[in-house]
Each structure stands twice: as structure tokens, then as C-alpha cells.
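Engineer: Provided herewith is a single structure, encoded as C-alpha cells, for subsequent inquiry.
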Amino acid sequence: PIAGSMVLAAILLKLGGYGIIRMMQIMPTTKTDMFLPLVVLALWGAVLANLTCLQQTDLKSLIAYSSISHMGLVAAAIIIQTPWGLSGGMTLMIAHGFTSSALFCLANTTYERTHTRILILTRGFHNILPMATTWWLLTNLMNIATPPTTNFTSELLIMSALFNWCPTTIIMLGLSMLITASYSLHMFLSTQMGPPPSNNLTEPSHSREHLLMILHIMPLLMISLKSELII
């Protein structure tokens, strides 16, 4: 059920990040070097999850692994126990909650029309449903963390915090963000570009689907304009 996936990615997955925040309060704040293996594991997990995304042919699995990779960045940012890291982790949890929920919603609208989640079989929607293609583009740009979205603010905070804490982490951070951009563009091109399905009568977009996407995207843009509400 798509509602379960949306709630799982947007809310329940972020409870793990909240648990890390609470656990870090009882850890020493001075000797953060002891957390270096945990930070490396979190970032390496994010890179591996991103590489797994590149191998996926199932649209829903790709979005699910994308959520895991972003939580790796959140975990690394929270573990170092700096104000910027904590702000970036919390902001990314909120931003990616909206983004992953929107991606699952779009995947479901595609599935309702094609009855398949295989990427190569869902192509050609830019000619049939141009408005849905616009939503796909905006949501993937949010997933890549392009300005002026809240995702950009959060990833900038996380990158600054981790780089100030240990400059070497920029290697895995940069690799993770590069792969994120790669699979996001791959997901957009695979689902929207190419020849449309010839034997499939596609029903038009409904207003409720557009309203759902507006309610996912508008909060992110509004929060980025007044980011001091979170940071």
C-alpha cells in the first residue's frame, strides 16, 4: 500500500534519527574522536545505499534505498555533536520526509497507469502527462538538493559540519552526493523520456494528485525561505 510507504519513509524512518539525537545527549561531547568509526560507517553506508540505487530496476525499491542513504548522512551529522551538525541532521530529516513521500506518491500514480514498477516499462510520460513530468522533475531536483529547497540548506550544513570536524569526510560526502544526482536523473529520464507505451490507454491526471504534490513541495520551499524555524 502506497500510504504505508509514504508514512514509513516520511515519519517512521525519522524516528531512528530522533533516537540517535536522544542517545547522543548521554555521550561525552569533548572526546568526539571516539565516534570517528561510527561516522565513517554511516557515510560508507550512505555511499553503498546510493550505489544500490543505481542497480535498481524497481521504482519503489530505488526510492526506498534513497531514503536509507539520506539517513546515513543524518546519522553522521548527529554523531559528531556540533550545533551545525544537529541542525543539518534535523533539517534533512524534515526535508527528506517530504521528498521521499512525494516520490512514493508519484511512483504510485505511475503504477496506477502502467501496472508495473519496472523503470524501463514506465517511460514516455512526458508526452502523455506533462504536468506529472513537471512534478517528477521538481521532486528529483529536491532529492538532489538543489537551491532554494530545504534539502540544499540541510546538506550544506551537514557538509560544513563534517568538513570542519574531519576534512577527509568530504571524499565520501562528495561521492554520495554525486551518486545521488546520478540515480535521481536516471530515475527521471527512465520514467518520463523515451517513446510512450503504444498499447496502454492512460487516464489523465486528477486534481487530487496535483494537490498532493503541491502540499509536499510548497512546505519545503516555504521552510527554506524562513529556515530559522528549524535551524
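Placed from the backbone N, Cα and C atoms, the Cβ positions cover glycine too.
Sequence annotations record features per position, and here Swiss-Prot assigns transmembrane segment to 1-21, 34-54, 63-85, 89-111, 118-138, 156-176.
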Engineer: Which bits of the chain, at least 6 residues beyond where the transmembrane segment (34-54) starts or stops, bring a Cβ under 8 A of a Cβ in it?
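Structural biologist: That would be 27-28, 62, 65-66, 68-73, 75-76, 79-81, 162, 165-166, 169, 172-173, 175-176, 179-180, 182-183, 186.
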Engineer: Among 1-21, 89-111, 156-176, which stretch has the most Cβ pairs under 8 Å to the transmembrane segment (118-138)?
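Structural biologist: If we count Cβ pairs closer than 8 Å to the transmembrane segment (118-138), 89-111 scores highest.
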Engineer: How about the transmembrane segment (1-21) and the transmembrane segment (89-111): at least 3 CB pairs under 8 Å, pairs 6 or more apart in sequence, or not?
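Structural biologist: Counting Cβ pairs under 8 Å (6 or more apart in sequence), the transmembrane segment (1-21) reaches the transmembrane segment (89-111), since there are 3 or more.
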